[in-house]
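Let me begin by presenting the structure, written as structure tokens, before commenting on it.
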Amino acid sequence: MFKKLLDNKNLVINPPVFITSILLIVALILTCVLFPEKVGVWFPAAQLAVTSNFGWFFVVTVNVILIFAIYLAFSKFGRIRLGGDDAEPEFTKASWFAMLFSTGMGIGIMFFSIAEPVSHFFNTPRPVDTDIEAAVQAMQFTSLHWGLHAWGIYAMVGLALAFFGFNRKLPMTFRSLFYPFWGERIHGWWGHIIDILSALATVFGLSTSLGLGVIQITAGLEYLYGWEISPMMQAGIILFVIGIATISVFSGLDKGVKILSNANMYIAASFMLLIFILGPTLFIMKGYVENTGAYLANFIDISTWNDTYLGSGWQNVWTIFYWAWWIAWSPFVGSFIARISKGRTVKEFVLGVLIVPGLITLLWMNVFGGSALHTILSGDVTMIAAVKADVSTALFVFLENFPFTKFLSIVAIILIFSFFITSSDSGSLVVDNITSGSNGESPVWQRVFWSFAQGIIAIVLLWGGGLDALQTAVIITGLPFAVILLVMCYSLQKGLKEELAKSSKKAKSKEEKSYKEIIAELLDEPQSK
């Protein structure tokens, strides 16, 4: 059977990566289906083991990656251009930023923009004496989770893939990041293992986001219309969205994802603007400035906090989950960012990925989270009760504080759908590239296959344990990948150093040639060819 599969001319795959990834995914799905009760015990135990014993390692990893990203931007490597000295950007900066934001955050900001700040308010990371202190701390840690560290991870993974893909002409997969160490051996089994891990991390990271999206969509439909949530309803919504994403897949990167990302930005900007205008506008403006300042002022403290002395377990549930999620999400986001960033310099790339989407994300969290906290501080504790009861309905309970509640709720659901489709479309492209090593040259149906595979995994994990199962899958796949990212940083610096030396040698050669031409002209001698 496998021989026929490999001989199929309509397939463009890297067999060891493609087949092994599918077998491991199928094994997980069968385990969840056949042993649901045991999975309900295994998943929490696995999550606790990883977060309790390796939480510190996640903290170190994300900080090292962010520091390294900032160093590269302002170092001598910052002037290196992705794709070579003559490469030009394929997308305008507006479209580039739109695709960065839609792919990098998407569904997550819809799910957590209300639930997280409110949750941190009534369950603070550190002990506080007043509600005001609780609100300040809630926004600080929300900013930590959605700010520079997340985008620093994406920036470094995207930069490494873009550099080795465009400048070294290697496959745009994670095995290529180890070329400075292994050379041509990246095409052997060690390279296959790296790509298999990145494929699994991408699939489970995507499935988590898709799962969060369908949980919130069904919660919104139940809250608005009283529809009863059932596993079949969740599965139907996932398959419906995957079907729409398939249409986008056939349109290609330049049309499908670009158009969807731009549409996402327009809808998201309009939605945020409405909340900003209809909500406590002055409070939001003042809060954005103050919260961003507090985040930066306490940056070292909160970003290196390990819950060592309190031992409350709070960090394991929140911060470590986020660091693992961003790391597991990074092969997908990084690969996609790399594909759309040809022609950018290293400095432009890093600062563009870090600053613009980061500021927009923090603005979003302040508009929504700040408004929710303002409601609570004004004496209305409905939001606290809503988050405690069901975090997935928090956004829709929040919108009841505004006029045009029904309209705003429908816009929110449309936006979640839109982010859902974008993630599925661009995610299928990335997983297909990893498992085929084709840099986008594989047949469309392979991307469609991975699109449906992500949906099925999300369905199985939801049925097997809901949000807890999704979080556990992310944390477990994020741990080995954190090690890969640290090695990636060293490998990238080595590659950039070689690139800079090569460019300097080429420039010196051109300079020497020009001197010879000038002398030849002065002596009126024919130039040697």
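Numbering starts at 1 and runs along the chain as displayed.
The backbone N, Cα and C atoms fix where each Cβ goes, and this holds for glycine too.
These numbers come from a predicted model, not from an experiment.
Marked as transmembrane segment by Swiss-Prot on the basis of sequence analysis: 15-35 (among others).
Tertiary neighbourhood of the transmembrane segment (54-74): same-chain residues 148-149, 152-153, 155-156, 159, 303-307, 315-316, 319-320, 323-324, 326-327, 346-347, 350-351, 354, 478-479, 482, 485-486, 489, 492-493, 496, selected by CB-CB distance under 8 Å and a gap of 6+ residues from either end. If you look up Swiss-Prot, you'll see 54-74 (among others) marked as transmembrane segment.
The transmembrane segment annotation in Swiss-Prot covers 94-114 (among others) and rests on sequence analysis.
Among the features that Swiss-Prot reports, transmembrane segment is placed at 146-166 (among others), with the record citing sequence analysis.
Annotation comment: Swiss-Prot describes 186-206 (among others) as transmembrane segment, evidence class sequence analysis.
The annotation transmembrane segment is assigned in Swiss-Prot to 233-253 (among others) on the grounds of sequence analysis.
Swiss-Prot lists 265-285 (among others) with the feature transmembrane segment.
Annotation source Swiss-Prot lists transmembrane segment at 317-337 (among others), citing sequence analysis.
The transmembrane segment annotation in Swiss-Prot covers 349-369 (among others) and rests on sequence analysis. When Cβ-Cβ distances below 8 Å are used as the criterion, the transmembrane segment (349-369) is approached by residues 69-70, 72-73, 78, 82, 93, 96-97, 100-101, 104-105, 109, 113-114, 116-118, 138-139, 142-143, 146-148, 150-152, 154-155, 158-159, 162, 268, 272, 275-276, 279, 284, 287-288, 291-292, 295, 337, 341, 395, 398 of the same chain, each at least six residues removed from its ends.
What Swiss-Prot records for 402-422 (among others) is transmembrane segment.
Taken from Swiss-Prot, the feature transmembrane segment applies to 456-476 (among others), supported by sequence analysis.
Taken from Swiss-Prot, the feature transmembrane segment applies to 477-497 (among others). Within the chain carrying the transmembrane segment (477-497), a Cβ under 8 angstroms from the stretch's Cβ atoms is held by residues 50, 54, 57-58, 61, 64-65, 68, 72, 77, 80, 153, 156-157, 159-160, 163-164, 168, 174, 177-181, 194, 197-198, 200-201, 204-205, 323-325, 327-328, 330-331, 346, all 6 or more beyond its ends.
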Near the transmembrane segment (186-206), which residues from the same chain, at least 6 beyond its ends, have a CB less than 8 A from one of its CBs? 14, 16-17, 20-21, 24-25, 170, 173-179, 325, 327-332, 335, 423-424, 427, 430-431, 434-435, 437, 450, 453-454, 457, 473-474, 477-478, 480-481, 484
For the transmembrane segment (265-285), distant same-chain residues with Cβ under 8 A (at least six beyond the ends): 97-98, 101-102, 363-364, 366-368, 370-371, 374, 401-404, 408, 411-412, 414-415, 418
Near the transmembrane segment (317-337) in space but 6 or more residues beyond its ends, with Cβ under 8 Å, are 50-51, 55, 58-59, 61-62, 99-100, 103-104, 116, 120, 125, 141, 144-145, 149-150, 153-158, 160-162, 172-174, 198-199, 201-202, 204-206, 208-209, 305, 353, 426-427, 429-431, 433-434, 471, 474-475, 477-479, 481-482, 485
Same-chain residues at least 6 beyond the ends of the transmembrane segment (146-166) with CB under 8 Å of its CB atoms are 62-63, 65-66, 68-70, 72, 80, 82-84, 87, 104-105, 109, 112, 172-174, 176-177, 179, 295, 303, 322-323, 326-327, 330-331, 333-339, 341-342, 346, 349-350, 353-354, 357-358, 361-362, 365, 439, 485, 488-489, 491-492, 495-496, 499
